[in-house]
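Everything below concerns the one structure shown next.
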Amino acid sequence: MAQLISVVLVLGLVFLAFSPICFCGKTTGGYLYPQFYDRSCPKAREIVHSIVAKAVAKEARMAASLLRLHFHDCFVKGCDASVLLDSTGSIVSEKGSNPNRNSLRGFEVIDEIKSALEKECPQTVSCADIMALSARDSTVLTGGPSWEVPLGRRDSIGASLSGSNNNIPAPNNTFQTILTKFKLKGLNVVDLVALSGSHTIGNARCTSFRQRLYNQSGNGKPDYSLQQSFAAQLRNRCPRSGGDQNLFFLDFASPKKFDNSYFKNILASKGLLSSDQVLLTKNEASMELVKKYAESNELFFEQFSKSMVKMGNISPLTGSRGEIRKGCRKINS
């Protein structure tokens, strides 16, 4: 009997030694893990990737839009696709919030992916997981790092307009406010700086940084932490009034390439948004991280991947909570 027990123990240890390490997130009610759809929808990742690739080839800006969609979803009620819901009798959509109105985009790409997945394996792949995969694929397609995306999220049956207005970091928030919003989601200063690096691709509207050019502190003076000849260039297309929707590259050095030039811009006092530049000027820990990532693309990519997995694990619905929507814009009837 003792011999049998020792054999079982040895076999158990051997099994553990050769088990693959799971890049998973423990969540209330279950785990997220990359192989979640391997049996129920084996082509899921391939379908998502092909449609994202087509969309980004058609319009390079779409990569940043899909990445931002995942971010704006996770920071409200967790990564549960609440941001995709349209307003109905009982739901007030997050699409009308200050951070999202006239700004958040990529919904049609998510619809196209969902439609293709419903044909392949009906009511199996959640809209929340589609967004997590799309964010990873968008990063890779623009030259950024890859990572295994833990899967198994389910979709919410509600939205939170107030959560969207209050929880998403704003371009003119103070450093401390931004960091607090990250900490409330279980993220830290390292995640804040690494994830801000997603501003290496995409655009910002004039309205999101105008105050830096004309009236940063309410005293009628510009933000002097912005390099002055760069500020003069920006004023040409971002006047004191009008031109709200005029678009500017977040990273003018390599706007369509996912790399660490965003951090180099900040060191040169050419971060476009106030929320970019404060990473250097308002906190020592974040300043050191900006310098590190500006020096090493590899270090930035490594941390960005880790922080994206961490962000993707914010309060997902798993097990029997939530639902798998048939369409991403409305809950199942």
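Cβ from N, Cα, C; glycine included.
Feature annotations, courtesy of TrEMBL:
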type	residues	note
SIGNAL	1-24	signal peptide
DISULFID	C41-C121	disulfide bond
ACT_SITE	H72	active site, proton acceptor
BINDING	D73, V76, G78, D80, S82, E94	Ca(2+) 1 binding site
DISULFID	C74-C79	disulfide bond
DISULFID	C127-C328	disulfide bond
BINDING	P169	substrate binding site
BINDING	H199	heme b binding site
BINDING	T200, D251, D259	Ca(2+) 2 binding site
DISULFID	C206-C238	disulfide bond
Sequence-distant neighbours of C121 (disulfide bond) in its chain (C-beta under 8 A, six or more apart): Y37, S40, C41, K43, A44
Candidate recorded positions H72, C127, P169, H199, C328, pick with smallest Cα gap to D80 (Ca(2+) 1 binding site): C127
Least buried by Cβ count (within 10 Å) of the disulfide-bonded residues C41, C74, C238, C328: C41
Surrounding CB atoms that lie within 10 Å of the CB of T200 (Ca(2+) 2 binding site), all protein chains: 28
Which of D80, D259, the listed binding-site residues, has fewest other Cβ atoms within 10 Å: D259
Any further residue of that chain within 8 Å (Cβ to the Cβ centroid of D73, V76, G78, D80, S82, E94) of the recorded Ca(2+) 1 site: H72, C74, F75, K77, C79, A81, V83, S156, A159, S160, G163, S164
Residues satisfying Cβ distance under 8 Å from P169 (substrate binding site), sequence separation of at least 6: F75, T177, I178, K181, F182, S275
Length of the line joining the Cα atoms of C74 (disulfide bond) and S82 (Ca(2+) 1 binding site), in Å: 9
For D259 (Ca(2+) 2 binding site), the one of H72, C127, C238 that lies nearest, given that the recorded positions are compared by Cα: H72
Neighbourhood of C127 (disulfide bond) by C-beta distance under 8 A, where only residues 6 or more apart in the same chain count: A81, L84, I110, K114, D155, R325, C328
Neighbourhood of V76 (Ca(2+) 1 binding site), C-beta criterion under 8 angstroms, separation at least six: S82, V83, E94, A159, S160, G163, S164, N167, I168
Close in space, distant in sequence - H199 (heme b binding site), Cβ under 8 Å, 6 or more apart: L250, D251, Y262, L272, L273, D276
Count of other CB atoms lying within 10 Å of the CB belonging to D73 (Ca(2+) 1 binding site): 30
Recorded positions clustered about D73 (Ca(2+) 1 binding site) [Cα within 10 Å; pool: C79, T200, C206]: C79
